[in-house]
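According to TrEMBL, the protein has these features:
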| type | residues | note |
| --- | --- | --- |
| BINDING | Asp110, Asp395 | Mg(2+) binding site |
| ACT_SITE | Asp110 | active site, nucleophile |
| BINDING | Asp112 | GMP binding site |
| ACT_SITE | Asp112 | active site, proton donor |
Amino acid sequence: MAGAGLRTTAWRWMLCGGNGGPRAAWSSSSCPGCGPPGPGVPCPGGTRPVLNLAPAGGTDPSAHLWARYQDMRRLVHDLLPPEVCSLLNPAAVYANNEISLSDVEVYGFDYDYTLAQYADALHPEIFGAARDILIEHYKYPEGIRKYDYNPNFAIRGLHYDIQKSLLMKIDAFHYVQLGTAYRGLQPVPDEEVIDLYGGTQHIPLYQMSGFYGKGPSIKQFMDIFSLPEMALLSCVVDHFLGHGLEFDQAHLYKDVTDAIRDVHVKGLMYQWIERDMEKYILRGDETFAVLSRLVNHGKQLFLITNSPFSFVDKGMRHMVGADWRQLFDVVIVQADKPSFFTDRRKPFRKLDEKGSLQWDRITRLEKGKIYRQGNLFDFLRLTEWRGPRVLYFGDHLYSDLADLMLRHGWRTGAIIPELEREIRIINTEQYMHSLTWQQALTGLLERMQTYQDAESRQVLAAWVKERQELRCITKALFNPQFGSIFRTFHNPTYFSRRLVRFSDLYMASLSCLLNYRVDFTFYPRRTPLQHEAPLWMDQLCTGCMKTPFLGDMAHIR
């Protein structure tokens, strides 16, 4: 059992490392990893067991490369323990920043997709209603009605280039991930994407999304409600292109966006949910448990949502009970976020029990009362809830969290429902083996690239091809078109970078808090920066490690 535990530890170090984990079979020769890779480089780290990367005298270089390849395959197989496929917990809370809940006195919440989690069955309804609005009110072709909602087409966090009708995935460095650009429902060849952007995959920052994900020509789809919007946009473009119909890209984009907006403005979505709350609202009992526990431990609660009172009231009665307002010290509806956080001009208005507006001036925010609109500056003045003792949860990184963290110093928690599914995929044996071998193969390419004879270049080209195939396989495990919402092939996505920037904590649902004490301290894991790579498993196999614990680990197989 001890050996299995050590093997698990070694595997974890390898997976967390820089560019690829262990490199090849163990031997007692000198270590080329300490300097430029290749034969004949002395190792300052001594002669303890290291990887033999240099060919023996007279050995064909290509045969040597393939031998190292096979050694690496065996090593990766040996380092993957059976229990490796259950490392991550989908119900965990993940920390970007250290935060102690004992310091938090006030908890705030958004409503949609935060307190109330909705079933995916809502998305086909939104898609179908908006599609029919386009046909019946905007006079779009009847042929669009043949399209149904495809839940497996798009993912959250994608960007849409309005003038090019291009839906695509962009990484944290503003590069388009090749193979993830679609016009309509058809993939756009990589060469065409590069040509469209002046010979590069890079999108200049001034063309990118602004602070709230809405740039001059590119829109980022950040909330879960945008999934049916992306699907409808792609279907409409597909119909126009497939039938050779001319159209103005900006007009089409605006019409689809307006049709989706009409579904919300006209209250259609609210009606569907109110009609069958058992079908559409998930984890209501868990939401009640979270709120009750916080109140029982003396925490103050508030709600700030863009949804109307009648809708929120019915949903909260379903999840919590008729006296749900007694759990909250302040309730604000139709807040008009994100302008609620930046616009000082809009005053609070009180609503009566029937939801009608009152005209009296608001000088304090009372428990059990309902308020509409307002602004954060009056909220702070009236409540004196400021700084890191406030923790606010929401699902929209821009509209819910960005201003609160960057401008007001609140702690923030992001609700990312997709996290649960992605972690379950990460925990599969197929993903673990694919990623680990991909990392190891990348390491081989990095160290063996000094072999530049003709036969060696053919070997390296074969490895590059295999690596690309592995990346595509790994991507397709999450979504065939766009992959994971958190990563491109290697880099974090634009969405993922914003998640780290705007949230202290993130989790699949609010119910994840039930797994922790109310005074629990969350510590972010120290992940390696590139210049810290020698401290990680990626360098262990070179024999260069001086740290005793890590040096000892180099002997583990």
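Backbone N, Cα and C define each Cβ position, glycine as well.
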Using Cβ atoms only, which residues of the same chain lie under 8 Å from Asp110 (Mg(2+) binding site) while being at least 6 residues apart in sequence?
Leu303, Ile304, Thr305, Lys337, Tyr392, Phe393, Gly394, Asp395, His396, Asp400
Going along the chain, which residues six or more apart from Asp112 (GMP binding site) have their CB under 8 A from its CB?
Tyr118, Phe225, Thr305, Asn306, Ser307, Asp395
With every protein chain in view, how many other Cβ atoms are within 10 Å of the Cβ of Asp395 (Mg(2+) binding site)?
23
